[in-house]
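Chemist: So Swiss-Prot lists these for the protein:
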TRANSMEM  2-22  transmembrane segment
TRANSMEM  44-64  transmembrane segment
TRANSMEM  71-91  transmembrane segment
TRANSMEM  158-178  transmembrane segment
TRANSMEM  181-201  transmembrane segment
TRANSMEM  212-232  transmembrane segment
TRANSMEM  235-255  transmembrane segment
TRANSMEM  258-278  transmembrane segment
TRANSMEM  281-301  transmembrane segment
TRANSMEM  328-348  transmembrane segment
Amino acid sequence: MMEFLMVFIISTVSAAVFTLFIRNILRSADIGDKPIVTEHSHKAGTPTMGGLGMLLALLLVTVLYRNNPYLVLTSLIVLTAAIVGLLDDLLGLKVKEVQRIIRNVSEGPLEVGQLVLKPGEEARAATDKAKRDVEALLSEGLVEVVGEAPIKNEVSEGEKILAQLLIGVFLVLSGAVGKLGGFYLGLAAAPIAIAGMVGAINAVNLIDGMDGMAAGIMLIASLSCAIFLGLSGQALPFLALAGMCAGFLVFNRHPASIFMGDTGSFALGAGYATAVMLTDTVYFGVLAIAVPVVSVIVSLLHRAGVIRLPVEPLHHTLHYRGMSERRIVLLYWLITLIVCALGLYMTGSIL
């Protein structure tokens with residue numbers, strides 16, 4: 001028990017220390033976020049790439065507990081994913097284009113792109129259709145330009161998916177994945193493992209949109225997986241992941257003084273997926289991140305035109321409807337905690 005506690009404590013403390021160090025470096029270099037959501041304009045300049053602090057904490061724990069193969073392989077996958085995320089974050093330091101933010105000054109609703117703006121509401125003209133609509137509405141005096149949003153350079157969606165697929169292939173080639181869901185599948189496990197890797201990375205990346213949301217959810221999920229495993233040697237990767245989330249939350253909770261960026265979200269998603277597949281906790285592992293999974297499904301349905309959100313992803317829609325950021329984050333944490341507690345109770349992991 002003491003070993004498990006020490007892994008969590010070392011990971012937590014080192015993540016907090018490294019994150020503080022990274023934050024100060026980024027501040028001195030004037031490297032900060034450029035929000036594209038109007039309501040988040042007050043966060044402009046907040047250092048990003050805080051995932052580097054989380055990564056350093058995990059690597060430290062891995063060096064100290066290098067005899068645990070589950071932890072070592074998880075760290076290798078995390079390092080690979082973090083490098084991909086870091087490249088995307090570095091590209092994001094340059095602005096690709098500046099998009100106009102407009103406000104509906106008419107007396108009725110207006111269609112701008114896929115959105116329907118009520119009187120007084122604001123939106124960013126992001127798509128080609130939205131830009132054409134704005135030009136027409138401006139000429140009629142129905143909207144006014146109230147600001148501009150810098151759009152960052154980034155790795156294309158196709159390139160991101162390719163990189164995530166390669167990370168999944170790396171895991172499969174390690175030979176550690178063959179049994180999933182209690183069944184030995186051999187090579188048949190490969191496509192499932194790769195799809196799981198891509199899904200987990202994108203799920204964590206999607207919910208990393210509000211202060212403390214991703215780190216808090218993954219802290220709860222990782223600790224729950226460790227408890228599900230009975231705090232055995234297989235639980236060490238989850239305890240290390242939970243600790244680095246806890247340490248990062250010291251500076252990422254509302255109001256956040258640093259963001260994890262794609263460096264952190266890619267690393268966290270890949271690390272969680274790896275730990276789940278290495279320890280064959282697939283069913284419980286997916287259940288534990290039900291909130292991110294549902295968020296991804298909702299976004300996919302929106303993009304497919306099955307449902308229509310005023311703003312994507314779902315948590316931004318809740319914010320758009322008037323719910324405060326802090327309440328949304330607490331709601332997502334609470335749902336995750338309840339789902340994990342029910343899962344642990346139903347599996348007999350807790351009384």
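Numbering starts at 1 and runs along the chain as it is shown here.
Cβ from N, Cα, C; glycine included.
For each feature listed, report its degree of burial, its nearest neighbours and the pertinent distances within the displayed model.
Modeler: Sequence-distant contacts of the transmembrane segment (2-22), counting only residues of its own chain at least 6 positions beyond either end whose CB sits under 8 Å from a CB of the stretch, comprise 47, 49-50, 52-54, 56-58, 60-61, 64-65, 226, 231, 235-236, 239-248, 250-252, 258.
Long-range Cβ contacts of the transmembrane segment (212-232) within its own chain (Cβ-Cβ under 8 Å, at least 6 residues beyond either end) map to 1, 4, 204, 238-239, 241-242, 245-246, 248-249, 252-254, 256, 260, 264-265, 268, 272, 275-276, 279, 281, 284-285, 288-289, 291-292, 315, 328-329, 332-333, 336-337, 340-341, 343-344, 347, 349-350.
If one looks beyond the transmembrane segment (235-255) by at least 6 residues along the same chain, the residues whose Cβ comes under 8 Å of a Cβ in the stretch are 4, 7-20, 23, 50, 53-54, 57-58, 61-62, 65, 68, 70-71, 74-75, 210-212, 215-216, 218-219, 222-223, 225-227, 229, 264, 268, 271-272, 274-275, 278-279, 325-326, 329.
Here the transmembrane segment (258-278) has Cβ contacts under 8 Å with residues 19, 22-23, 26, 33, 46-55, 58, 70, 73-75, 77-82, 84-86, 88-89, 92, 164, 167, 171, 176-177, 180, 193, 196-197, 199-205, 208, 214-215, 218, 221-222, 225, 234, 237-238, 241, 245, 248, 251-252, 285-286, 289 of the same chain, all six or more residues outside its ends.
A Cβ distance under 8 Å defines the sequence-distant neighbours of the transmembrane segment (281-301), meaning residues of its chain 6+ beyond its ends; these are 180-181, 196, 199-200, 202-204, 206-207, 214, 217-218, 220-222, 224-225, 228-229, 272, 275, 307, 309, 312-315, 332, 335-336, 339-340, 343, 347.
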Chemist: So if I exclude everything within five residues of the ends of the transmembrane segment (158-178), which remaining residues of that chain have a CB under 8 angstroms from its CBs? That is, six or more out.
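Modeler: Residues packing against the transmembrane segment (158-178) from afar: 73, 77, 80-81, 84, 88, 184-186, 189-190, 193-198, 201-202, 266, 270, 273-274, 277-278.
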